[in-house]
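Here's what TrEMBL has on this protein:
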type	residues	note
REGION	1-25	region 'Disordered'
DOMAIN	52-229	domain 'Guanylate kinase/L-type calcium channel beta subunit'
BINDING	60, 61, 62, 63, 64, 65, 66, 67	ATP binding site
Ligand SMILES: Nc1ncnc2c1ncn2[C@@H]1O[C@H](COP(=O)(O)OP(=O)(O)OP(=O)(O)O)[C@@H](O)[C@H]1O
Ligand SMILES: O=P(O)(O)OC[C@H]1O[C@H](OP(=O)(O)O)[C@H](O)[C@@H]1O
């Protein structure tokens with residue numbers, strides 16, 4: 001399932017839905033967000049899920065610019081007490097590319113065993129988690145935005161009451177060039193990242209093609225987040 005990158009930065013999905021298990025699936029557009037079309041239809045019913053605030057997972061291929069656009073959107077939405085940006089736990093040393101909490105493997109495993117992480121996943125030889133403050137913010141009715149894995153969306157939908165997905169993508173040649181220029185990964189790791197294409201279990205609520213300047217993509221993400229927050233009304237901070 002590959003996005004079409006045309007049409008004013010809004011991607012739709014082709015295909016028969018094989019990868020999502022949904023026949024004739026098409027991406028939700030920002031118009032759908034305005035219409036309040038719910039992606040929870042068909043989500044598994046479970047025990048108490050974390051909420052009532054909405055978890056927004058920003059997903060997409062490595063190098064697309066998720067962290068960059070999240071930083072930009074965070075700057076633009078500073079002062080919004082109803083929207084928080086998650087600080088991830090990652091088994092990666094601290095570096096300039098993301099303001100995460102760095103944990104070693106043992107500390108990460110202890111966090112998992114203690115049930116501290118409302119969501120965790122593994123990818124790229126690393127372990128990632130959202131911290132307990134995410135659950136607290138959702139419980140207070142806030143929207144929480146996190147850089148997520150496409151492979152963790154299904155689990156997120158089981159664990160959280162309301163999950164929205166924003167796909168950030170870019171043409172393949174830009175992905176490769178950006179990962180190389182960032183210099184965080186070696187050539188082999190970079191190549192493995194470029195090959196990763198875990199399927200989403202649902203189409204994204206919005207897609208941002210980050211092929212312009214970061215400020216443009218960041219402004220677009222901020223817009224999408226503001227609209228998603230509007231549609232979570234009735235669940236404001238308390
Ligand atoms: N619109 C853009 N124009 C030019 N460079 C960009 C743009 N967006 C991001 N970049 C650069 O591309 C690199 C990858 O961006 P970023 O780390 O935000 O991507 P990511 O999707 O979070 O990737 P990963 O999943 O590998 O962490 C960074 O060096 C960033 O500065
Ligand atoms: O390929 P998928 O499963 O979508 O994403 C895998 C992981 O890679 C990226 O993290 P980072 O680049 O290591 O910070 C994503 O944020 C996610 O955690």
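Note that Cβ sites are derived from N, Cα and C of the backbone, with glycine treated the same way.
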**OP:** Which residue among the binding-site residues 60, 61, 63, 65 has the fewest other Cβ atoms within 10 Å of its Cβ, if you could check?
**Re:** 61
**OP:** Would you mind sorting out which binding-site residues among 61, 64, 65 put a C-beta under 6 angstroms from ligand 1?
**Re:** 64, 65
**OP:** Compile a sequence-ordered list of residues in the same chain as residue 66 (ATP binding site), six or more apart from it, whose Cβ lies below 8 A from its Cβ; state 'none' when nothing qualifies.
**Re:** 58, 59, 60, 147, 168
Original post:
Sorted by position, what residues of the same chain at least six away from residue 67 (ATP binding site) have a C-beta under 8 A from it?
Top reply: 97, 98, 147
Original post:
Can you list, in sequence order, the residues of the same chain other than 60, 61, 62, 63, 64, 65, 66, 67 whose CB lies within 8 Å of the CB centroid of the ATP site?
Top reply: 168, 169, 170, 175, 178, 210
Original post:
If you skip the near sequence neighbours and keep only those at least six away, which residues in the chain come within under 8 angstroms of residue 62 (ATP binding site), Cβ to Cβ?
Top reply: 124, 175, 179, 190, 193, 194, 196
Original post:
By the DSSP assignment reduced to helix, strand and coil, which category contains residue 67 (ATP binding site)?
Top reply: helix
Subject >> In three-state DSSP terms, the structure that residue 60 (ATP binding site) belongs to >> reply: coil
